[in-house]
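Below: one structure, written as structure tokens.
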Amino acid sequence: METLCLRASFWLALVGCVISDNPERYSTNLSNHVDDFTTFRGTELSFLVTTHQPTNLVLPSNGSMHNYCPQQTKITSAFKYINTVISCTIFIVGMVGNATLLRIIYQNKCMRNGPNALIASLALGDLIYVVIDLPINVFKLLAGRWPFDHNDFGVFLCKLFPFLQKSSVGITVLNLCALSVDRYRAVASWSRVQGIGIPLVTAIEIVSIWILSFILAIPEAIGFVMVPFEYRGEQHKTCMLNATSKFMEFYQDVKDWWLFGFYFCMPLVCTAIFYTLMTCEMLNRRNGSLRIALSEHLKQRREVAKTVFCLVVIFALCWFPLHLSRILKKTVYNEMDKNRCELLSFLLLMDYIGINLATMNSCINPIALYFVSKKFKNCFQSCLCCCCYQSKSLMTSVPMNGTSIQWKNHDQNNHNTDRSSHKDSMN
């Protein structure tokens with residue numbers, strides 16, 4: 001029976017049950033029987049890590065079982081609960097932050113412009129991921145299995161989970177690129193003052209971003225399936241990427257480099273190019289009476305450019321450890337290396353850190369806007385104070401019209417101070 005279990009587990013590893021390059025695949029396989037085993041796929045082989053035995057069995061690519069890690073490489077239950085706490089914190093902060101950001105842009109007419117529309121699109125993508133994917137992730141961590149793994153709804157979640165995760169990342173990446181291009185356009189046409197409203201070009205960009213993000217995530221929905229397997233005499237099912245066609249095999253082979261190139265390098269390169277062009281444009285137009293007349297106008301645009309640049313830097317910091325771990329698994333790992341077990345432990349820890357940081361990116365943008373942008377900071381304070389006042393009014397049975405009056409008065413007070421900048425504050 002033990003040999004049969006090992007063969008089944010080895011077969012499972014070969015078809016792709018891995019500690020993956022992205023949160024949805026990694027979390028899927030990490031949570032499935034975390035107290036029983038965790039599989040890790042390197043460049044040429046897969047590990048079967050058993051946490052109930054004193055040693056970890058390493059199954060080389062030739063199928064022999066003479067090589068094994070002398071020490072136990074495992075994922076402790078402490079990490080499971082740490083990840084659960086982190087996920088719950090990200091869920092709360094992401095819900096409040098992104099929902100508040102969307103409310104600010106929707107309720108304040110002076111905030112309805114092109115760049116803010118892109119920021120709202122980014123926040124909505126993060127909110128969808130936080131609301132749908134994070135609860136599934138927490139369930140898997142605590143229950144140790146995929147939700148509804150024995151019915152069709154579990155299959156639906158298995159395809160929806162990676163699809164939404166990849167779509168959310170795509171929306172973030174493409175919105176950051178669009179914001180960088182928008183900042184260059186704003187500086188290049190520095191004599192043009194745009195009024196309130198979302199330009200048609202920006203609306204088309206947002207629709208295109210969402211459509212393209214969904215299209216690029218389709219292979220995830222196609223490839224992820226519920227795969228049954230036997231382990232220690234028991235039948236289990238896990239959600240994983242299982243290539244069943246030539247296209248999916250090709251996608252699985254190049255996915256690491258595709259994710260690194262498109263979902264990480266592209267927004268950084270795009271920002272570097274357009275911010276360099278923007279800097280050159282500003283240096284070439286240092287003089288001129290019109291520029292002096294529009295000095296406050298240009299100051300606002302520089303502040304917005306700084307805000308967008310901050311969002312890109314945060315994105316890079318959050319996602320770099322995860323992509324680095326993936327590249328190391330692709331390029332550094334060697335099954336014949338005597339220190340491969342130490343490398344495995346290091347990559348496991350790196351995956352934990354990288355996935356938590358990558359997930360944190362879904363809730364950190366509203367916080368960054370609060371500290372970087374004075375206008376968003378004022379709006380956040382007004383909105384949150386309004387909510388607190390409304391809650392207090394409900395507890396003390398105060399009529400709700402007082403709340404709306406306070407919000408309107410506060411908005412009127414801020415409107416005068418922001419009148420000179422609302423035309424292009426986030427333009």
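Just so it is clear, glycine is given a Cβ too, placed from its N, Cα and C backbone atoms.
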Q | Topological domain name match (Swiss-Prot): Leu141 vs Ser373, membrane | A | no
Q | Cys158 - recorded disulfide partner, Swiss-Prot, among Cys69, Cys88, Cys239 | A | Cys239
**Q.** Record feature N-linked glycosylation site (Swiss-Prot), assigned residue among Asn62, Asn287
**A.** Asn62
Q. Of Asn29, Asn401, which does Swiss-Prot mark as N-linked glycosylation site?
A. Asn29
Q) What's the most sparsely packed of the disulfide-bonded residues Cys158, Cys239, counting other C-beta atoms within 10 A? A) Cys158
Q.
Under DSSP, is Cys158 (disulfide bond) part of a helix or a strand, or is it coil?
A. helix
Q. Hey, which bits of the same chain come close to the transmembrane segment (206-229), Cβ under 8 Å, at least six residues off its ends?
A. 8-9, 11-12, 15, 17, 24-25, 117-118, 121, 125, 146, 149, 154-155, 158-168, 170-171, 174-175, 178, 235-243, 247-248, 251-252, 262
Q) In terms of Cβ proximity under 8 Å, which residues at least six beyond the ends of the transmembrane segment (348-372) contact it? A) 19, 22-23, 26-27, 40, 73, 75, 79, 83, 86-87, 90, 93-94, 97-98, 100-101, 119, 122-123, 126, 129-130, 134, 168, 172, 306-307, 310-311, 314-315, 317-319, 321-325, 328, 380
